[in-house]
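Chemist: Okay, these came from TrEMBL:
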- 478-487: compositional bias 'Basic and acidic residues' (COMPBIAS)
- 478-503: region 'Disordered' (REGION)
- 15-35: transmembrane segment (TRANSMEM)
- 47-71: transmembrane segment (TRANSMEM)
- 83-104: transmembrane segment (TRANSMEM)
- 116-140: transmembrane segment (TRANSMEM)
- 152-172: transmembrane segment (TRANSMEM)
- 214-237: transmembrane segment (TRANSMEM)
- 267-284: transmembrane segment (TRANSMEM)
- 304-324: transmembrane segment (TRANSMEM)
- 331-350: transmembrane segment (TRANSMEM)
- 356-377: transmembrane segment (TRANSMEM)
- 398-421: transmembrane segment (TRANSMEM)
- 441-465: transmembrane segment (TRANSMEM)
Amino acid sequence: RLQESRERLSVCSKLCYAVGGAPYQITGCALGFFLQIYLLDVAQVDAFYASIILFVGRVWDAITDPMVGFFISKTSWTRFGRLMPWIMFSTPFAIISYFLIWFVPDISTGQVMWYLVFYCAFQTLVTCFHVPYSALTMFISREQSERDSATAYRMTVEVLGTVLGTAIQGQIVGKVDTPCVGSPFFFGLTNSSVAMEELNMTHDTESLTDTRNAYMIAAGVIGGLYILCALILLLGVRERRESSELRSDEPVSFFQGLKLVMNHGPYIKLIAGFLFTSLAFMLLEGNFALFCTYTLGFRNEFQNILLAIMLSATLTIPFWQWFLTRFGKKTAVYVGISSAIPFLIAVVVLDSNLVVTYVVAVAAGISVAAAFLLPWSMLPDVIDDFKLQHPSSHGHEAIFFSFYVFFTKFTAGVSLGISTLSLDFAGYQTRGCSQPGQVNFTLKMLVSAVPVGLILLSLLLFKLYPIDEEKRKKNKKALQDLRRVEESNSSSESDNTELASIV
């Protein structure tokens with residue numbers, strides 16, 4: 001009881017830890033929901049090149065996760081810890097590169113390279129923040145219940161971060177009327193070149209400038225929040241070296257550790273299940289703004305619909321935390337993830353109706369909350385299981401977290417690149433007031449049919465995941481017993497050393 005009391009975290013510590021997860025979600029949500037439509041309709045990048053930017057940026061983001069995990073495993077402990085210095089030094093450079101993503105350069109050539117370079121730079125720097133932050137879960141306490149509680153705080157704040165990202169970006173940008181161009185194909189105009197020229201020579205240029213300025217203002221506000229959250233994390237959380245390690249042999253090399261991690265069955269099954277779940281929600285996130293704007297026809301309401309989804313997710317995080325502690329994490333996966341299916345189907349089957357769309361958005365947010373909370377709540381259980389099977393091998397927490405993120409980001413990059421390319425093949429009209437029927441059909445597939453299929457596949461994979469509630473409780477007890485033995489041995493060795501020095 002005394003040991004558990006020492007390992008308990010204060011509410012203030014949990015809140016400061018949780019706030020550190022907000023920057024990744026705020027920026028990620030803004031980029032996920034708005035970057036595609038920004039590149040296509042504001043920066044006016046061709047759909048083919050936009051798909052390349054999104055694909056390469058996401059894939060590079062995935063590659064940097066294991067790279068950062070490798071370098072973290074080689075980092076020596078400092079008086080600030082092993083993880084905190086990464087967070088500290090990456091923050092200012094991440095903010096600069098993030099701002100430049102939302103800036104339209106006044107250059108005739110090289111615009112694609114501009115966005116590609118700064119998108120990749122930001123993804124690298126935010127990885128240097130988020131991978132050590134994710135691994136910090138294992139360094140704040142050895143008590144599983146305290147880590148689960150801190151994770152629930154973190155997920156609540158992270159979903160709140162998605163609300164902030166959606167609200168800040170959506171409301172600031174939504175106040176400006178982004179100009180669109182009516183295509184002669186839809187209006188049946190015969191003199192198409194003259195009509196297009198007349199449309200382009202109106203107040204349209206001034207409106208586009210206002211839209212670009214709005215995106216930069218939103219980027220500045222989000223950058224300020226990034227700094228604030230990083231400072232709260234750095235000042236309010238203490239990284240504890242002893243919280244993660246079982247004191248035994250020296251840690252094995254990174255590549256030996258990677259081989260051990262990738263051969264751990266529960267880890268592979270967990271990431272396989274959440275791989276397809278994340279893929280489903282990434283497709284929905286990346287294409288939802290276009291879907292609301294063109295397929296549903298809610299050009300001036302899509303930011304509010306996104307906000308309704310995120311608010312609903314934020315408010316239901318505590319419910320899912322209660323649910324998983326009451327019924328178990330596997331049960332929470334089945335109920336939480338599958339609850340999105342009927343709403344994903346309803347949003348494309350029902351006629352376009354704003355009230356119905358808001359109802360579906362609020363209901364879908366409940367499932368989004370489960371998808372946010374459960375992966376990060378279940379991953380520490382896998383690491384505990386690994387420690388019991390390999391008690392002499394430690395220091396692999398960054399590998400577990402970074403490779404989980406790697407697989408989800410890599411597949412998300414492929415999917416978003418392919419989805420944007422699909423829109424190009426379907427005949428997407430840049431800055432069009434409306435889109436051809438093939439584009440609307442493609443958007444319906446990308447936000448409904450494909451995500452539903454991926455969710456069903458993930459639920460089948462979760463059947464293979466072996467750590468249920470009974471197994472988790474056994475692991476917790478075994479790990480506590482192992483630590484007591486090691487602490488007892490360490491105490492005996494210390495006493496013997498002291499006695500020998502006296503003699």
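Positions of Cβ are set from backbone N, Cα and C atoms, glycine also.
TrEMBL entries are annotated by machine, without manual review.
Would you situate these features in the structure and describe their surroundings?
Modeler: Per DSSP, the secondary structure of the compositional bias 'Basic and acidic residues' (478-487) breaks down as 10 helix, 0 strand, 0 coil.
Packing against the transmembrane segment (15-35) from elsewhere in the chain are residues 9, 54, 87, 98, 101, 119, 122, 126, 129-130, 133, 136, 140, 150, 153-162, 164-166, 168-170, 173, 215, 218, 222, 225-226, 229-230, 232-233, 235-237, 282, 285-286, 288-289, 306, 310: each is 6 or more residues past its ends and has a CB under 8 Å from a CB in it.
Within its own chain, the transmembrane segment (152-172) is flanked in space by residues 14-15, 17-30, 33-34, 137, 214-215, 217-218, 221-222, 225, 302-304, 306-307, 309-311, 313-314, 317-318, 321, 368-369, 372-373, 376-377, which lie at least six positions past its ends and keep a Cβ under 8 Å from the stretch.
Using a Cβ-Cβ cut-off under 8 Å and counting only residues 6 or more beyond its ends in the same chain, the transmembrane segment (214-237) has close neighbours at 12-13, 15-17, 19-20, 22-23, 26-27, 30, 34, 38, 42, 84, 87-88, 91-92, 94-95, 98-99, 101-103, 129, 133, 136, 140, 164-165, 168-169, 172-173, 175-176.
Residues 29, 33, 152, 155-156, 159-160, 162-163, 166-167, 170-171, 174, 288-289, 292, 298, 331-332, 335-336, 357-358, 361-366, 368-370, 372-374, 377 of the same chain lie 6+ residues outside the transmembrane segment (304-324) yet bring a C-beta within less than 8 angstroms of a C-beta in it.
Residues 273, 277, 280, 284, 295, 320, 323-324, 356-357, 360, 363-364, 366-371, 374, 378, 444, 447-449, 451-452, 455-456, 458-459, 462 of the same chain lie 6+ residues outside the transmembrane segment (331-350) yet bring a C-beta within less than 8 angstroms of a C-beta in it.
Tertiary neighbourhood of the transmembrane segment (356-377): same-chain residues 134, 137, 148, 151-152, 154-155, 158-159, 270, 274, 277-278, 281, 292, 296, 298, 305-306, 308-314, 316-317, 319-321, 324, 329, 332-333, 335-337, 339-340, 343-344, 346-347, 350, 404, selected by CB-CB distance under 8 Å and a gap of 6+ residues from either end.
The list of residues near the transmembrane segment (398-421) in space but at least 6 beyond its ends in sequence, with Cβ under 8 angstroms from a Cβ of it, reads 36, 47-48, 50-52, 54-59, 61-63, 65-66, 68-69, 72-73, 127, 130-132, 134-135, 137, 254, 257-258, 261-262, 267, 270-271, 274-275, 278-279, 282-283, 286-287, 375, 379, 382-383, 386, 446.
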Chemist: Between 47-71, 83-104, 116-140, 441-465, who has the most Cβ pairs under 8 Å to the transmembrane segment (267-284)?
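Modeler: That would be 441-465.
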Chemist: Hey, which bits of the same chain come close to the transmembrane segment (116-140), Cβ under 8 Å, at least six residues off its ends?
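Modeler: Distant Cβ neighbours of the transmembrane segment (116-140) are 9, 13, 17, 20-21, 23-24, 27-28, 35, 52-53, 56-58, 60-61, 64-65, 68-69, 72, 81-84, 86-87, 89-91, 93-94, 97-98, 100-101, 146-147, 150-151, 154, 230, 233, 237-241, 243-244, 376, 380, 383, 397-398, 400-402, 405.
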